[in-house]
């Protein structure tokens, strides 16, 4: 290989000198401004643009990489020009070759003087320092100048100096490449011919520049020579060829922090100073300004699950006296208190008595696990005393669960000492039983023998009366005292507590809680024994109910053990019900029905009892009522009804809240009562599954026309029935959406002849669903066609009712969230999966972050999404085929 064919190069990282750049000449004509521009800016007349000779231009040069400057700009020295701009000056840039990144580029801006101390850009151009193969540029380059702008150092640049957008520029670029190849020795050098060729190239370039509308700046990059050999500068990083390990995944680095989980002394000191007794008098008359008042109102409107920041807590504490006239602010104030500091707790409790009394429904929050202070909890109980029995009944299920957060020792200390002469003594009956079963223990508490019915001693009566009226009642004492005054409350309190007493999972997981509920039942039994004649009769009726349910469970077990098909089991069921000697269920003394104690029953009608087609075969039973009527129920054995019981209680509460707002959505909150974790009662409503309606009648409207025809009504249907159907659809769509009810299909949507649509089977709640991609609410094409289609007046009324119901329920969101917060430890299947997320799931459905107008638009989108859900329709057909093959 000849010397001329060798390529000599040096790495950029080894060339430890500054980059140099020569500014040559500027070719082309500057375009003068229009007369309009001169009139608008008279200073233009005195700028270099209007000089007779060439104006005194100068050039600035700056290196950029990735749009960021690498060094300060440098500029050419002053030079006076006459006929052409020619600086012919080398600029030493304040950056060295090893410091240049691969994508470095130099931005050149030409400036003209424009008045005192001011300059304007004549144009700018940008060129990369390294070529596409990593070679540092060398030799002369003509760069296209973009007029009236500064050079752009971003990547990609808006002012590229090397471009080939026109034919003339293509010619210049081709000649520049040939010149470069000649310089690098890729062509045979002939001196006389080279001189002629270079002269011709210069003439062509000059001609092309003059014919174009752009200006061109000629620059020269320095060549590196050593021993008369020209070296190319190749971009290279030091140690760049060394391999380095690359992590394919994330690696957790544990850094020990000796102060982790320790007290922050600064925050603690600030907290103590802010809450000290010295600040009390100064805070007493403190009133917020408008901005602070708005901030306090926002804090007060937070949902109960919202955690206050330290700044918000300090703000509420600072204006605590101002907030005492706002009942909604009390729970937020109590969240700010550090109950471990005695002085702070003392101040809070003193202020508690001066605070404007809070609403009954808001006091439920103070009974949750977040409030352990006994005085605060007793304050909540005192507020509950203002609720009537009907309202108390709506919260009773949650109040029984709230007993888990009470002081267990206080509940136990409330027990009366055992007396030998008291045949109804709970402790004696339990201790003598010798049976470890929780179910038998709890039932024995209420079914133990009664002493003769007579008036109790005056002293006992006085004590009970004083206890009942005491403002210092704990929750257990309050519930028992109210139950002793109302037989309906007593009925449900007994069954709610009895389920907690017999829960085997609770007994094994948390024996202290199990023992607490046994003590509650013992105290309840003692209170009933100490009451007057009517109260003691109440106890005997509860005992009779327990005996009746035990016999019914025994009967269902016998039927389930019976071999054969459903017909044989039906015959066995009716035979056992008719056998009064063995079961004694068809003719009993008058007792309240546990499911609905206002209804008095005399027994079960054997001939009408049937078993449903189901794996567990629940029984449909007709009870003989006191007035000779029939009361149909479903008794399920082998199924936990506590989840259905909770959902139906919430639906019943929502129905009451909506009626309070004069909105009757024709809901059907049928009654459910779990008498154990394995069995319970459900009210039977005469109705037909929507799937069966579609199979037999073809459509929902045909079903209504059959049972409620009307010539004047919409589509030949009674207007009242259609109105009921539309409202019940709207109510259940909104409610099931809020509660996240899943597994919705046309077999668990029932329809009555009066137009009421309602849901059953709440095995999946809070967003759980066995089907993939469920719609937000169950609203399919057949249901909409039952209203007359999406263009009908009834469908528009349905949407309006949905919006109204959603807005009303959002206003009661705190009450609903408080009820769910008391159920997080209730061991209900879908709540037990993620108890810490239960309340958040319900809160998210309310979309409390939206205004009322935004909430209406949100509900509109949910309805539209549900109506047009294609995948839900496919799943419905799959379910229909599955049901067909099962039959």
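Using N, Cα and C of the backbone, Cβ positions are placed for all residues, glycine too.
Under the heading compositional bias 'Polar residues', Swiss-Prot lists 156-170.
What Swiss-Prot records for 163 is phosphothreonine, and it gives similarity to another entry as the kind of evidence.
For 165 (among others), the entry in Swiss-Prot reads phosphoserine.
The phosphoserine annotation in Swiss-Prot covers 244 (among others) and is backed by similarity to another entry.
In this structure, residue 261 (phosphoserine) belongs to neither helix nor strand by DSSP; it is coil. What Swiss-Prot records for 261 (among others) is phosphoserine.
Among the features that Swiss-Prot reports, phosphoserine is placed at 282 (among others), with the record citing similarity to another entry.
Under the heading domain 'PIK helical', Swiss-Prot lists 282-520, citing sequence analysis as support. Looking only at the domain 'PIK helical' (282-520), the predicted model's pLDDT averages out at 80.
Feature annotation from Swiss-Prot assigns region 'Activation loop' to 759-780; the stated evidence is sequence analysis. Listed by sequence, the residues of this chain that lie at least six past the ends of the region 'Activation loop' (759-780) yet keep a Cβ under 8 A from its Cβ atoms are 643-644, 647-648, 729, 732-734, 736-737, 739-744, 746, 748-750, 830-831, 833, 838, 841-842, 862-863, 865-867, 869, 871-873, 875-876.
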Protein Cβ atoms within 10 Å of residue 261 (phosphoserine), excluding its own: 5
